[in-house]
């Protein structure tokens, strides 16, 4: 199972943690976006959208991290796997959190920070307010349950952990979010693949400081 990735990418790290939780060995293929390796013809044949992470499982190629995470559990997980249980209501809640991470939490972080370290633009206070709003939503979610989508660890936790650990390593102030901190301190060192996730965060920090 070939896995095209960059360690500093939070979406890539969420897939790595999912694979670790399932006991799946990934054949990791480093793809250096900064050198344009994702635009080479051989990779475009695999993924015409030229994004990472990309997974190739016995000739079947797919991308988008959260879709990959769900695929891995559905194909290789246990029946009614706690990471993504078969109950429609439980799955719906996990899906909501996954889409929240993609479309609100991570997006607001990227919208705020990427112009600063990619284009050397000043911080935009309005974009920071949107990021804070996303953190407040997450804090509310985590005030209602032990984990991101209920009382057991699910794919939602692994996706959001990849995001929040990135916020941590670039020194975003999370101190006023009591429930995020409780959850993060519980998982940051104990989640499957936590060490590799943090190593990728440290790579991200180097890039952020450039």
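Glycine is treated like the rest: Cβ placed from N, Cα and C.
Binding site for glutathione per Swiss-Prot: 50, 51, 52, 64, 65, 66, plus 9 from the candidate set 9, 108. Burial estimate for the binding-site residues (50, 66): highest at 66, by number of other CB atoms within 10 Å. Comparing the binding-site residues 51, 65 on other C-beta atoms within 10 angstroms of each C-beta gives the minimum for 51.
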